[in-house]
Amino acid sequence: MMWWAVWCAAMVAGSVFTAAAPPTDSIDLMQMDPSLADDESLGFAMQSLSGRYAAAPWLYLLADVSHDPQRMAEFSQSSGRARPKRKMPSLSINNPMEVLRQRLLLEVARKQMREANQRQAVANRLFLQNVGKRGAWGEPASYLYNN
């Protein structure tokens, strides 16, 4: 258990000496000037934080983002919907009908196979009754030989 505390202390000590992450160009956010804050109540907070985060220009505070409802409406219209539509269960009968069709086709195929097997069994029985006999193939053996 002691190793966990030592590891945490080492991570904290190591993170103190690491440099801040470099700014990335992949984010399309405008960096706003803290002196131009829309809300007057945020002005005092921004000036006190500006010295603390001056070395990390990649850090954007949520207090800097404007809360303009017109801009939010434009954003929601440009994206298509204001909120995503929930996926409701479908009441379609297509899937159950397809399952019934498949089961019916399987049942018909089984019936045809059963009938084909029965026809083959009858043909095999006739062949075995007439093997080695001189009579006609279609006539039973008892008719040819009356002993």
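Glycine too: its Cβ is placed from the backbone N, Cα and C atoms.
The signal peptide feature in Swiss-Prot is assigned to 1-26.
All chains included, 8 other C-beta atoms sit within 10 angstroms of the C-beta of V131 (valine amide). According to DSSP, V131 (valine amide) sits in a coil region rather than a helix or strand. The valine amide annotation in Swiss-Prot covers V131.
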